[in-house]
Amino acid sequence: MLFNLIAAHDTSHGGFFNLFHYLTFRSGCACLTALVISLALGNPFIAQLKRIQREGQPIRTVGPERHILEKAGTPTMGGMLILIALFSATLLWADLTNGFVWAVMLTTAAFGAVGFADDYLKLSKRNTTGVSKRTRLGCEFLASLIAGIWLQSLTPPELRNMVAFPFVKDVLLPLGYAFPIFAMITITGFGNAVNFTDGLDGLAIVPVVIAALVFALISYLVGNHVFADYLQLHPVPGTGELAVFCAALIGAGLGFLWFNAPPAAVFMGDTGSLSLGGALGAVAVATKHELVLCIVGGVFVAETLSVVIQIFWFKRTGRRVFLMAPLHHHFEKKGWQEPKIVIRFWIVSIVLGLCGLATLKLR
């Protein structure tokens, strides 16, 4: 909004206001703005959640036993705090005439709405069921399909139906009319992947922040013809503004971590996990780096695969591959302490983030 106001009234492009024309400046400001908002609103927001929810998030009785004792009474829906900070900072610092910004923001909001409904039903019914799986997936597929078609329409015709591969520069897989389906699977898949990962204090938010940091850089490079040509990337004009969105996500995520660090004062809930995963998926689709997200978000992929493998193998043989799924619960059952699991997953996320960055140069 500030960029649009200044662009409309300052035609000289000189002095202090010229800074607003730099993506790096606005991205930094968006990150700091989101961080300040989340830190400032955190305590009163959590206090309000405690007053409304009273008993906090329902805890699964089939999960690790200590969760019932240690996590009972902790409020959920903390994802609303992330979204307030994220959207406020993005609306303030991004170019609001950019279609990619609106497509990603509305996708994030749609997934957040599905998560909010799920959290609300869990709290009102005092169980861990929430929205039925069929209804939830149907809403997610619809939102992500619309997002895929929208993002496809904003992409240059020569890349519109293409999927790029990491580590190779000239290989593009044409999907034709199937591309929106691919985008739908990517966005919905990562929405639920982050949801699976969000099972321990601080476990999901740091990998999200790391992925957002990587994709802030990718968005900036892909949206700039000079850098894209130098790195032999496929340029997508307009995606540079998503660096502002990703930077705001970093700030909002770090602010939330302040309150979600062990022992957590608040959980993000499905409101947060679904929306953040959907946001990452949408940015990856917009920048044509869907497969790179599978590397950067490898922790999310591993958590999801552990659930899929567990269900498939149990239905086939009646036995379990893991002591419990998702994967982080397997390590809990093995006797690992929660901080050790969380920090080791963070370390893995950092390494995977560096591997994702390496794909930009190793081509």
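Cβ coordinates come from backbone N, Cα and C, glycine included.
Annotated features, as they stand in Swiss-Prot:
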TRANSMEM  27-47  transmembrane segment
TRANSMEM  76-96  transmembrane segment
TRANSMEM  97-117  transmembrane segment
TRANSMEM  137-157  transmembrane segment
TRANSMEM  171-191  transmembrane segment
TRANSMEM  202-222  transmembrane segment
TRANSMEM  242-262  transmembrane segment
TRANSMEM  265-285  transmembrane segment
TRANSMEM  292-312  transmembrane segment
TRANSMEM  340-360  transmembrane segment
Seg_contact(the transmembrane segment (242-262), the transmembrane segment (97-117)) with at least 3 CB pairs under 8 angstroms, min sep 6: yes
Contact check, the transmembrane segment (76-96) vs the transmembrane segment (171-191), 3+ Cβ pairs under 8 Å, seq sep 6+: no
The transmembrane segment (340-360) in contact with the transmembrane segment (202-222), cutoff 8 A, at least 3 CB pairs, sep 6+: yes
Any contact, the transmembrane segment (97-117) to the transmembrane segment (27-47), with at least 3 Cβ pairs under 8 A: no
For the transmembrane segment (292-312), sequence-distant contacts whose Cβ falls under 8 Å of one of its Cβ atoms, 6 or more beyond its ends: 166, 186, 189-190, 192-194, 196-197, 207, 210-211, 214-215, 218, 277, 280-281, 284, 320-322, 325-328, 330, 345, 348-349, 352-353, 355-356, 359
